[in-house]
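J.: Sending over a structure as C-alpha cells; questions will come in a sec.
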Amino acid sequence: MGNKQTIFTDEQLDAYQDCTFFTRKEILRLHGRYHELAPHLVPMDYTNDPDVKVPLALIVNMPELKENPFRNRIVESFSEDGQGNLSFNDFVDMFSVLSEMAPRELKAIYAFKIYDFNVDNYICKEDLEKTLNKLTKEELTPEEVNLVCEKAIEEADLDGDNKLSFADFENMISRAPDFLSTFHIRI
Amino acid sequence: MELREFNDVVHPPPDYPSPDVSQHSLRLRTVAAPAPAQQSSGVQFDWASPPPEDAEDSSETRNLRELPLHMSLKRAVRQVQQMRVPVVSSSWNIKHSQTFRRFCEVAKNILSYFVLWKRGIQRIGGHFGGGVQSYFLFLRFLVILNFLSSLLIAAFVLIPSIVFRSLNFNSTSNITIVNTTGLETCMQYDPKPDALMVFFNYFLDLVSGTGFMEYSYLFYGYYNNTMIESDGFSYNIPLAYLLTAAFYFLFCFFCIIIRMGGTARVVVETGAGAAGGYCMLVFTGWDHGLQGDRAVKLKQNNVRYRLQVDLEEERLKKKAASLTLGQTVSLYALRIFLNLIVLTLIVATFFGIAKATQFSQSMKTTGFTGLLLQYLPSMVITASNFVVPLLCDKIALLEKYSPSTTVILALLRAVFLRLVSLGVLLYTLWEQITCKGEIGSDDCKLCGYYYNQYKCWETRVGQEMYKLTLFDFLITVATLILVEFPRRIVVDHCSCKLSQLVGRQEFLVAPNVLALVYSQTVVWTGALFCPLLPFINTLKFVIFYYCKKITLFQNCQPATRNFRSTTSNFFFLLVLLFGWMLASVVLLYSVAKIHPSYGCGPFRLDPTMWDAVPQAVNMLSTTSRAFLFYIGSQKCSIPLFIFSCILLCYVSALTSVHGKSVALLKSQCALEQRDKQFLIRQIEELNATMQKAEHEPKLLNTENEPFQHTAATQWNQHNNYAFDPDEDPRPY
C-alpha cells in the first residue's frame, strides 16, 4: 500500500481516534461507507472539513440499518439538527456508540434518546406503545399492548410519575445482562 | 458523575451560574441555556476555566470518548485539552504515555487477527442472535482447550517417547527388585498385529482401536516404563506420563474456573436479573445487530412470542393461585406420578447401558458383527440420549409447569441423563475389570485384575473412550447429512401439510451444548489411557464447527423460544465442571487403587500408578525431599487449609457486601427520586402562592419578604439530605 491516503490529515485522524472507539483504518473504512451513501454529495477529500450532510432517507438504506425498526429514531438521535441529516462527524459518532467497545453508561444515554419518541426527556406511555408496536410489527392486540406498557412502567418507574426518567431507565438497564450485546451494530 | 453531567446537559439549569466553579474538572460546563427543552446543542464551553487538578492523559482520552456529545463538540474539548500548556517536567511523560497508548491499541488490533473464527462467529450472532452465538463461543473455547492440552501431552509424553524409542537410548527399567515369579501369566500381552492385512480388517481396526492401532502411541499400552539416562540427562517416562495427566486436569480446571468467573461477575452485577421482565424485554429485547429481512421478521415474531408467553405465565399464575385445595392436590399428585415415570425411564436406560456394556465386553467375535457388538454401548447411550429427552418433553406437557420452569427442568433431566449414563458405563467397566471390587475372587486373585479378559485393561478402557468419541462424531455427521439436509429439501419444495407442520429445523442450543459437554467428559476420562485423545478431539470439534455452521446457515431457522445467553453460559460451564469432576474421580481411582497391567504400559511393575511419584521423590536430593515432605506433612497442610478457608469466607463476605451495597444504592436512587418529586411539588406551591401575592397590592411587599425568606430556609433544610453537596441547589 504505497499511496498515502489524503482523505484526512494526520491531525484529523488523531482527533477521530481520540474521540471515538475506532482505529485509523476503521475510520477510513467508515469514510468509504459514508461516501458510498451519496457519492455525488460526499467529497473524497476531507482535509478542509467540508460541511456536508447526508439526508436521512439515504442513511436508513444502509444494510446495517435497513431492517431495523428503530432506524429513523437512531439516526435522528445522532444528528445535530434532530432531523436525521448526518455529517461525517455524526456518522462516525453513531457507529462509535453502537460499537462493542462503548461502555454501558454511554449506550444507555443514547438508548434513552432513541426510545424517547416525542423528545421530552421522559419515556411516557405513548413512547412505550410506539416502541412496542415497532418491536412486534403491530401484531399484538391493543389490550396486550396496554397491559405490557402498564406493567413495564410499573416495573421501572421509581418515582411514581407514570413515566420513565433517565434515572429509572438507567437503573433498569443496569440489571439487564444482555444490553451491551444487543445494543450493538457491527460495521 | 456522568449521569449528573448528562442531566445538566439535558435539563440545563436556567440562568444561574454554578456555585462551585473552580472545583469542577474540565469536562462539561453548562453556562447558559436558552430553553430547558432543547437537547445537548445548548451546551457551551467555558474556555477560561482552570485546568483539572489531576491530569491523567489516558483517563482524559477515555472520558473524551465516553462523553455523550456530538462529535464537533468533542473535538472542541480535545482542542482545549491540547491547548493547555503542560507543566514542563511532565511534557515528556505525556508524550510518552500517548505513544505507549497508541502502541497498545495497535497491538490489540493485531492480536485480534489471531482470534479463531472471529468473523464467522460474529456473522452467526448477527443472523441468529446471542443464544446460538454462545454455543459457538463455547465450542471455540473447547477447541482451544483441547489444542493446548494436546500440545502439553505431546511435549512431555509423546515426543520424548518417540525420540527415545527411535534413538534407542540407554534405558533402565524402574523396578529391578520385584518378585515376578508366578506372575508370568499376568505379563503375557501380545497385541502385535499380523504383517499382512486385508483392507477390511484394517478399517475395522482403525475404527475400533484394535489390531495395529492397539499397539501404537494412541494407547497406554505402548509406552515404556523406562527411565532414560544419558550424560547427566535423565527423563523418567512413567513419572512424566502421570504428572502430565495431572497437570492436564488442573489446567482444564483452571481454564473453566476463570471463564466461569468472568460470566459469574456479570450475573452478580446485574443481580441475576430475572426481575423487570417486561421493561427489560421491551428495551433490550431487540438485537440491533440483526441484518436481513428474514432474521428481522423472525426476531419480531420471537419478541411477540416472548411477550405473549410472559402474559400467559401471569394468567397461569393467577389461575394457579386460585385453584381449590382438591385441584392443587390432584395437580401435585399428577406431577409426582409423572416424575416417577421419568425416573423409571432413566433407570431403565442405565440398566440397558450396563447390560450392553457387559455383553459387548464379554463377546469376542470378529468381523462386522464383532464391530457392531463393540459399538453396542455407544449405540445404546446415543439412542437413549435422543429418545429419552423427547419422551420427557412430551411428559412435561402434561405436568403444566410454567414455560420457564419447563425449560429448566428439561435441561436438568438431560444433563442428569447424559452424565450419569457415562458414569454407568464406567461403573460397569470397573465391575468387570476388578471383579466387582473383590480382588480376592478367583478371577482377579493372581494379578489384581481380571487378566483373562483384560490383558491390558488400561488400553481397553482407552479403546472404549476412543470408540465413544468416534461414534459421537459419526452420528453427528450422519444426522447432518441424512436428516437435516433432506428435511430442509422436503420442507422447501413440498408444500404438503406435514412439511408445514414440521417446518424447518430449529437450532436448539441446549441439546447441542450438552452434546459438547458429553464429548469433552469422555475425552477427559480417556486421556490417561489414550494420550492422543485430546488431539483427536480437537480435530473433531474443528470439523464440528464447520459442519454446524453449514447446517445453521443452510437448514435452520432461528429459535422462536427465549434463550437468555448470559446466565445460561454460566450453567453450561457448571455442567462442564460436573463432567470434569466425574472424569477426575475416574482418574484418581485408577491412579490410586487399581493395579496397573503387568504386560503393558509405563507402570507395569508398580503396585499402583501413583508409586512412580514416591520412587522419583526418593531419588531426589535430601533437601528437596525434606522440603516436599514438609509441604505434604500436617504441619504445613493444615494451616494452609485453614488459610484457604479464611480466604473463601472473606471473598464470600465481600460478595454479599457488594450485593447489599448494590441494593442500598438502588433504594437510595428511588428515595432521591421521590424527594425530587416532593420538592418540585413544594416549588410549585411556592410559585403559586408567590404569584398570588404579586397580584395583591404592592403595599404588602414588606410582609412578603419574610415569607419568602422562611420558604427559602425550608428549602435549604431539605437540601441537607436530598442532594449531594456539589449539585446546584437552585429551583429546577
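Cβ atoms here come from the backbone N, Cα and C positions, even for glycine.
Swiss-Prot lists these features:
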| type | residues | note |
| --- | --- | --- |
| BINDING | A:Asp157, A:Asp159, A:Asp161, A:Lys163, A:Asp168 | Ca(2+) binding site |
| DOMAIN | A:66-101 | domain 'EF-hand 1' |
| DOMAIN | A:103-138 | domain 'EF-hand 2' |
| DOMAIN | A:144-179 | domain 'EF-hand 3' |
J.: Cβ within less than 8 Å of a chain B Cβ is the test here; which of the binding-site residues A:Asp157, A:Asp161, A:Lys163 meet it?
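T.: Qualifying residues, whose Cβ lies under 8 Å from chain B: A:Asp161.
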J.: Among all chains shown, work out which of the binding-site residues A:Asp157, A:Asp161, A:Lys163, A:Asp168 has the most CB atoms within 10 A of its CB.
T.: A:Asp168
J.: On the 0 to 100 pLDDT scale, where does the domain 'EF-hand 2' (A:103-138) sit on average?
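T.: Mean pLDDT for the domain 'EF-hand 2' (A:103-138): 89.
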J.: Residue counts in helix (H, G, I), strand (E, B) and coil for the domain 'EF-hand 1' (A:66-101), per DSSP?
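T.: The counts are 18 helix, 2 strand, 16 coil.
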J.: With DSSP as the reference, give the number of residues of the domain 'EF-hand 3' (A:144-179) in helix, strand and coil.
T.: 22 helix, 1 strand, 13 coil
J.: Tally of helix, strand and coil residues over the domain 'EF-hand 2' (A:103-138) according to DSSP?
T.: 24 helix, 1 strand, 11 coil
